[in-house]
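Heads up, the thing below is written out as structure tokens.
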Amino acid sequence: MMHSGFWKRLAAFVLDSVVLYVGYIVFIIIFGLSAVILENRGLDNEVVKIALGITALLFYISWPWLYYAIMESSKIKATVGKLAVGIIVVDTYGQRIRFVRASARNWSKVISALPLFAGFIIAGMTKNKQALHDFIAKTYVINKPYNHNQTSRMNEYPNKEHHTQDQ
């Protein structure tokens with residue numbers, strides 16, 4: 001099992017940032033058009049501004065979370081950026097993670113960012129190349145295997161307890 005190093009993960013992050021940015025641009029265009037349409041309908045301007053502000057805030061928070069959690073918990077086990085550099089996210093057993101674990105991994109990145117992104121940087125220094133959010137969510141970022149058998153069981157991480165997804 002080849003764990004992905006810091007630089008591959010950084011490249012994936014940069015590519016994913018572009019994907020997220022494009023999503024924000026699309027949202028801003030749709031959002032702007034909606035604002036113009038609602039204002040021209042004669043609705044209360046203050047109510048429209050509040051509703052649009054809440055919508056924008058919810059999108060700003062939920063878009064990255066849903067992007068990462070849905071993609072990493074999908075059958076492909078990776079975001080667009082991770083796919084491009086050939087890495088995937090797996091659990092202790094080398095299996096696909098579930099949405100709850102992917103969400104925990106994503107929200108744990110807030111902790112990894114404090115202070116000075118130290119939780120991300122440690123991925124280049126730990127034995128299994130795990131960032132702090134990987135430790136918290138019990139996940140691993142590995143190089144995408146060439147065949148399915150390479151991730152069927154991670155012998156280097158034996159777990160004596162019976163395995164169930166997202167205990």
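Here the Cβ of each residue, glycine as well, is placed from N, Cα and C on the backbone.
Taken straight from TrEMBL:
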type     : residues : note
DOMAIN   : 5-138    : domain 'RDD'
TRANSMEM : 12-38    : transmembrane segment
TRANSMEM : 50-70    : transmembrane segment
TRANSMEM : 106-125  : transmembrane segment
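Taken as a whole, the domain 'RDD' (5-138) shows an average pLDDT of 94 in this prediction.
The residues of the domain 'RDD' (5-138), classed with DSSP into helix (H, G, I), strand (E, B) and coil, number 96 helix, 4 strand, 34 coil.
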